[in-house]
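Engineer: My structure is below; once you've seen it, I'll send some questions.
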Amino acid sequence: MSRNGAKYRDLRDFIARLEAEGELRRIGASVDPNLEITEICDRTLKSEGPALLFEHPKGSAVPLLGNLFGTPRRVALGMGEVSVGALRQVGVLLASLKEPEPPKGMRDAFEKVPLYRQVLHMAPKEVRNAPCQQEVLRGSDIDLGRYPIQTCWPGDAGPLITWPLVITRGPYKARQNLGIYRQQVIGRNKTIMRWLAHRGGALDFRDWQEARPGEPFPVAVALGADPATMLGAVTPVPDTLSEYGFAGLLRGARTEVTPCILSDLQVPASAEIVLEGFLYPGETAPEGPFGDHTGYYNEVESFPVFTIECITQRHSPIYHSTYTGRPPDEPAVLGVALNEVFVPILQKQFPEVVDFYLPPEGCSYRLAVVSMKKQYAGHAKRVMFGVWSFLRQFMYTKFVIVVDDDVDARNWKDVVWAMTTRMDPARDLTLIENTPIDYLDFASPVSGLGSKVGFDATHKWPGETNREWGRPITMDAAVRRRVDEIWDSLGIFAGSRG
């Protein structure tokens with residue numbers, strides 16, 4: 001598998017590429033990070049507009065970069081592809097890494113050579129004198145107030161760091177975990193680390209507390225890493241592969257990392273800003289409320305406090321930020337692009353899957369539509385349960401709709417037609433109770449625990465129905481071709497207005 005592999009060394013390389021293609025605009029006016037930047041970015045994103053570099057945000061000498069991944073194409077560019085459709089190749093790569101197969105012969109081995117070459121880029125490369133450590137701040141010089149951290153919505157509890165790349169390592173693991181966990185600012189050197197209990201960072205912290213009770217847990221937070229590293233942290237990377245390794249595959253070059261000053265954690269060498277510090281045992285604080293990707297404010301809940309004891313940064317750093325709100329927002333756009341990555345991964349496990357679609361209106365992952373080549377009675381239910389169980393990204397998907405391969409999974413007119421003509425509610429709804437649900441989903445009766453429902457909107461096979469199944473109406477192919485030939489000459493829409 002060959003890829004374009006755009007080798008952006010850092011965020012600034014990516015900014016230059018976007019600006020050259022008219023995909024980024026510089027904003028010279030002084031705009032307030034308190035609410036105003038959210039409104040500007042939201043209007044721009046909803047119009048499929050460019051990334052925005054606010055050069056003079058009010059109250060800060062540090063520029064703010066927003067709406068970076070505000071279109072699927074910019075996500076694709078960040079992953080080294082030129083189009084959203086090409087992201088299927090990223091999924092093919094991930095599927096082969098998740099379940100590698102030995103070559104079936106010499107010819108197959110030669111065909112796999114490009115993949116083997118790419119694997120050489122997986123191991124990160126440690127460097128010294130990294131750009132991210134050009135300036136080092138300690139003690140009283142540490143002040144998060146120097147950065148234009150957004151307060152996104154009127155009901156938010158305060159400023160929120162929204163694109164933090166959090167690096168952790170558990171006591172039993174050699175590899176580090178990278179994840180995006182938002183952080184509420186509660187002091188000049190303190191934030192609240194909001195991570196859910198099943199996320200990698202939270203699991204590392206739990207294991208650390210068990211193995212080393214009473215000891216502070218080292219954490220590093222990179223702000224403004226290169227696009228491959230950032231996107232690697234939100235992609236369904238196999239458990240055997242580090243996010244740094246996957247970023248190297250995307251980039252076509254090994255990820256450069258550098259050791260932290262306060263710990264042995266490794267951070268992206270080209271990051272704009274790095275926060276180093278510790279989680280101290282027993283120190284928690286109530287987080288929220290904040291406007292979230294659901295379009296609602298989330299509930300207040302306690303999470304660990306992150307105490308920052310060192311900040312390193314590049315000369316003239318850039319602060320990367322986003323906002324979340326009712327779709328479409330940046331997470332929804334990321335979901336649309338990453339949807340293409342998921343398809344080959346599912347198809348590797350379930351070859352009968354034709355397409356898989358996460359509508360952005362479904363808050364990125366809460367509703368999925370799957371089209372499949374049905375082969376036996378009960379087959380749709382097998383695929384349904386496969387979606388819920390195969391990738392952890394879909395453990396929170398509340399609604400799964402399964403349709404036949406003659407239905408376009410991305411066309412609601414097709415999907416609704418299939419649901420209303422191929423479903424009997426009593427037979428074709430599968431309801432599961434007491435399953436894991438996103439704790440932000442206030443519709444569930446208990447926080448973190450709720451129900452899921454599957455819709456079997458496929459043709460029914462013997463054993464699923466006793467009736468003769470309906471035959472879809474289709475025009476004869478020869479008639480369609482004949483009408484295609486004479487269509488323009490009929491002049492039916494000639495001179496029509498609008």
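Glycine is no exception: its Cβ is also placed from the backbone N, Cα and C atoms.
Swiss-Prot lists these features:
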- Asp292: active site, proton donor (ACT_SITE)
- Asn177, Glu243: Mn(2+) binding site (BINDING)
- Ile180, Tyr181, Arg182, Arg194, Trp195, Leu196, Arg199, Gly200: prenylated FMN binding site (BINDING)
Engineer: Within 10 angstroms of the C-beta of Asn177 (Mn(2+) binding site), what count of other C-beta atoms is obtained when all protein chains are considered?
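Structural biologist: Total other Cβ atoms inside 10 Å, all chains included: 19.
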Engineer: Within 8 Å of the Cβ centre of Ile180, Tyr181, Arg182, Arg194, Trp195, Leu196, Arg199, Gly200, which other residues of the chain have their Cβ, at the recorded prenylated FMN site?
Structural biologist: Val166, Gly179, Met193, Gly201, Ala202
Engineer: In three-state terms from DSSP, label Asp292 (active site, proton donor) for me.
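Structural biologist: For Asp292 (active site, proton donor) - judged by DSSP and reduced to three states - the answer is coil.
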Engineer: Among Ile180, Tyr181, Arg182, Arg194, Trp195, Leu196, Arg199, Gly200, which the record lists as binding prenylated FMN, how far apart in Å are the two most distant Cα atoms?
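Structural biologist: Greatest Cα-Cα span of the listed binding residues: 14 Å.
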Engineer: For Arg194 (prenylated FMN binding site), which residues in the same chain are close in space, meaning a Cβ under 8 Å from its Cβ, but six or more apart along the sequence?
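Structural biologist: When sequence neighbours closer than 6 are ignored, Arg194 (prenylated FMN binding site) has Tyr181, Arg182, Gln183, Gln184, Glu287, Gly288, Phe303 within Cβ distance under 8 Å.
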Engineer: Considering the binding-site residues Arg182, Arg199, which residue's Cβ sits among the greatest number of other Cβ atoms within 10 Å?
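Structural biologist: Highest number of other Cβ atoms within 10 Å: Arg182.
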Engineer: Do any of Trp195, Leu196, Gly200, Asp292 (recorded positions) have a CA within 10 A of Asn177 (Mn(2+) binding site), and if so which?
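Structural biologist: Final answer, ordered: Gly200.
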Engineer: Let me spell it out: for each of the recorded positions (Glu243, Asp292), count the other Cβ atoms within 10 Å of that residue's Cβ, using every protein chain shown. Which one has the most?
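Structural biologist: That would be Glu243, with the highest Cβ count within 10 Å.
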